[in-house]
């Protein structure tokens, strides 16, 4: 056995051992090490006295003990002694070991949890840094979900994190050393007091200042200064290390096309549309000469290697050589038959190369002014020429998408570099100082680096949002500068070795995207003829569906999640099994491109539209055509069913929208109003509105009943290609050829946000079923997932990174527990509003939290199907109850604390013995999801509320009353017409309150089962109801973003509390009744004074409070930023929008600070905290 195989075997054997380790022990060890401030993990855990002490602390954890600690210590010791803790496993020599390892462990959750444990150990133990770093690298390679996690104080050395998704992670106090962070997603991350040194990252900085396209960039000979020129008529000098603008040189009266430093760096030459060439003194920033002679615009200038001559090439088709000392014209070269593009001196200054619109390259003898040779081979405009450093090779870039390599002596073409074929124009090329690499820029916004010897592309740099006009290597070869029509200059680190892993994805335009109904999958259709299914959490491609023989224009999931439909340019529609990815059927009938497909709400019918001007309805089961709807006089681009399935809308190239009766197939209405073709239509969830997007750049909202335009939404600067309503109907998203996505408020018709990030047309949009994510597909070949948060968020208790689903006061009123979609539970001090600690353990959303009557225990239930009991004092997990087969929606202690009730989306209610953890009863009776449970004050009765997520299932919107001792049903209360979201007994146990998705609150007599009252006022779903301790007041929280207090006796609304900017999901009174807590989908918790009916404000005056509460205006503003939470693309882009940076240092391998880059990418730099506190 060779050493490599032995290493693989040893490592695999170590990792196999953790399969028997309970995941709870990881949290316990981390918590103990943090509190005891231990720096030697193995030494601490190996000590017998410490083991005894730990065992005593863990007596409450009946499933854990000293055996696990001994085993854990042994495993950590083996890892510490292994090469896994000595060498960088991201290096190429470990590819085979890593590949086999990932293959064996990628689906083993226990080993993944162990990796996360090793990463967190680096915060305490210096001796385990490399194994923790390698663990993080492997998690990134396996595309394990890392977002929304706490990685405070971790240390990561000598590894690659290329493409890692740390969106909204807390990385405060982290130390990175020699880490490749290219393509990292740090959107929304918290980066307080970090120490990141010797960092590898492709993009070094973004320099902004020009107000028009930046046409040329050039490094000074010492690499310290970068010169740039622009269509704004200015020249600017930049400090390469800091990214700061050093000076602005004004003087030209038209576009400045080209800049070039003299060999000694003291002089800068510029060529302009004002027909002149100017020389500038770099030190004084003053003009020292002006050369006049050209009769048209000067497009290119270049210094000779000795600095005595400047060559210029003009639109007047002439090349002129100028004496830099006297300013006199030395010679004038004629030969090109069309407009000029570029000139370039050979390194020894004896030859001049030029290229032109005439597709030719000319080589000139500088002394004689005679043409030496003419290089033919390009089939279109040649935009750029560049000599290799040794002068033996000439490279040229052309509009024909090719780069040609020429032998200067013979004039023969040596090779041809292809790779820009999907983008067209090669705008500019440049050799690296060592001559081994060639850089090229193109009109598809990318830069490519080529290996000159092999002719192979080394890697591709993405970041610009428009045509790249210029590329230039620094003389020391460490950096590359690029300029673009997007008005920016970008600096790139070109010494970073690229990751040799295959990044799969579409290789052509993405035409359509669609979320699966359960939100776990995004389907995409592309011009590359394929359909791909993606995991929405990790961005990993799940499968690739082949079958279509041409571009796929539309994809759509059926509401029952069983089928995916696709329409194509091959004129066919195909139905796919959404689980297996296998083709179920092929529907033929259209005789032109199928542009759109849409399932009816009951999934029985599929509508399609085509370039053949027709709409067709298909039977999904049989695949037979049911009917053909004719009426449009040109291509039909979009079809959409109304929510009730009775109506179909269509949008067409004939500029009309038509409304059809699905049963009869007859046209009901024709709406005219657009002045160009209608590309996309979408019904609002309630069916009252229809939105349409058109080539005329506007979005229109139509009243479905009257057919009249309600709003015309203006803002896009190009054709609107896609429109989509959010599930709650309050927001409309629109995507356009102008590369932007806009979110609109449906009530006001005003724009809420503009989402930028795509580099080309946004062709398709789709909201996830919970409305929290928006998927977008673009002609830039990528799919973006966006976190869609609306309104201003004024946080008071901050810390959660996602929706707060449940809040509960401790029995003494001093603590408040909160459970969130970020999978965590936070414990808060009610007086100060400061977060005391976080309970981590759930692997999915936490839906419900509840204190035991004695306040010593907290129970939580979540989407990982588990129930967990926590020790309130220590914050340690005591038990984990398993049994439910679907999400746990609600948990509640009995008044005596001996029994726990839980309800689940598996339609069952379960009663648990709190002491033993054993299940006492399973209460069956509900036929749909059980959303809420509540014990009566005497503990003898249990109430439950139900509803269905699936509109196709039989609905159970009932409340049921159960005998707690026997588990038998006593009563069934019917009345609500939609989900029963919340139930709550009055303190005297005689009444039950219920809140429902039918927008109403109802009061019931518990003995008779009769409805006592119906409280109306909320304008959307009622998610939570809670009685005050004296029983006189009922609080309710709703999807209309409000909290309402009701007088129980009079049944009248007492007050409406506004403040939350999204759904209020949970409300809870303090034991004394003076305070009300609320948790919301805006990620915040608020405390309200019940007497004054005002929100309680907290003051924070310390840095520690700033860490915990994010109280400054700047930080609150950061929560309003809409950013990409997942980018599905072949190319990995570094992202840091909304990241919060406080002090610390971020420095790359060349000693360049990266804070300027972070700031340009949308991060908030919070270094001046004193100034922040004044805002």
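Yeah, the Cβs are placed from backbone N, Cα and C, and that goes for glycine too.
Note that the structure is a prediction, hence the values are computed from the model and not measured.
Listed in TrEMBL for this protein:
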{"type": "DOMAIN", "residues": "257-417", "note": "domain 'EML-like second beta-propeller'"}
{"type": "REPEAT", "residues": "291-332", "note": "repeat 'WD'"}
{"type": "REPEAT", "residues": "333-374", "note": "repeat 'WD'"}
{"type": "REPEAT", "residues": "503-544", "note": "repeat 'WD'"}
{"type": "REPEAT", "residues": "545-586", "note": "repeat 'WD'"}
{"type": "REPEAT", "residues": "587-628", "note": "repeat 'WD'"}
{"type": "REPEAT", "residues": "629-670", "note": "repeat 'WD'"}
{"type": "REPEAT", "residues": "671-712", "note": "repeat 'WD'"}
{"type": "REPEAT", "residues": "755-796", "note": "repeat 'WD'"}
{"type": "REPEAT", "residues": "839-875", "note": "repeat 'WD'"}
{"type": "REPEAT", "residues": "923-946", "note": "repeat 'WD'"}
{"type": "REPEAT", "residues": "1015-1056", "note": "repeat 'WD'"}
{"type": "REPEAT", "residues": "1057-1098", "note": "repeat 'WD'"}
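Taken together, the residues in the repeat 'WD' (755-796) have a mean pLDDT of 68 on the 0 to 100 scale. Packing against the repeat 'WD' (671-712) from elsewhere in the chain are residues 634-635, 637-644, 647, 649-659, 718-725, 727-729, 732, 734, 736, 738, 744, 746, 749: each is 6 or more residues past its ends and has a CB under 8 Å from a CB in it. Sequence-distant contacts of the repeat 'WD' (587-628) (same chain, at least 6 residues past either end, Cβ-Cβ under 8 Å): 553-560, 562-563, 565-569, 571-575, 634-641, 643-645, 648, 650, 652, 660, 662, 665, 951-952. Here the repeat 'WD' (291-332) has, by DSSP, the following mix of helix, strand and coil residues: 0 helix, 23 strand, 19 coil. Broken down by DSSP into helix, strand and coil, the repeat 'WD' (1015-1056) contains 0 helix, 22 strand, 20 coil.
Per DSSP, the secondary structure of the repeat 'WD' (503-544) breaks down as 0 helix, 21 strand, 21 coil.
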